[in-house]
């Protein structure tokens, strides 16, 4: 696993805060206290955030082209954007397949099994990183990943209200098999997309070019998914939008840049740790409300996630000290 340096630490901390803020804001905007007629369509936020990412990335690429050392011989803006654009289509398609598969899993599985399988990506991602990126993981790091997965499952299950748990009906074996296969496919797609994006970003000279390409394909896939699977009428695309929804759009766009930055400097696994810790912050804030019940599942999940994160940080520190000693004494 790549050793975390100061710029990467800053990126991971910002990603933690962004993820926590996005989750809290999403819950506030989509909570049961909000009138159904005033709710926005979540897919539209994804599309708009990708459009914003595309606009910002394109402006940055344009500045890079204008300030090239030899502008007369430098490639044009469109040539720069088009160069290797097909590589960015892979993660966009994989994420679209993952979203569709998760929808199938949510429909065919009970809440407990759905939440358990939704975290399978945490384990699959390092497996793909080992296969495709030749990254090596120590036994302590695998233990931290397992702790993180178990902690995320416990925290999510513990945060589900008893009313939702009791409303989950029994499922026949056919529905369960289809649902499990769909969730495994979703986990594999998300993990593979993350590892592939890491490979593309680290091999690219310009992160903004890849961001622009990723945003373009993600936006196209998002619009296609909205037309195929959502019942929303495009004439009411902005239905339910208010100030906080636009804040969420900006947060999601910022999160996209932070993910690219963190993956480029560290790894997909480190990015998953940061997002999981952001989820933990968003989940534990309601605990400070005295009216919010805390059960043992949520408490154990919080402990496991913290142990996994700090265990991984400790292991990264050990690797850093070993590397520094080897550089000081190459013999």
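Note that Cβ sites are derived from N, Cα and C of the backbone, with glycine treated the same way.
Here TrEMBL flags 1-22 as signal peptide. Sequence annotations record features per position, and here TrEMBL assigns transmembrane segment to 111-133, 142-164, 176-201, 213-232, 244-263, 270-288, 294-313.
In this chain, the transmembrane segment (244-263) lies close to the transmembrane segment (176-201): three or more C-beta pairs between them fall below 8 angstroms, excluding pairs fewer than 6 positions apart. Within the chain carrying the transmembrane segment (213-232), a Cβ under 8 angstroms from the stretch's Cβ atoms is held by residues 41, 43-44, 46-47, 50-51, 53-54, 57, 81, 84-85, 87-89, 91-93, 95-96, 99-100, 103, 197, 239, 256, 260, all 6 or more beyond its ends.
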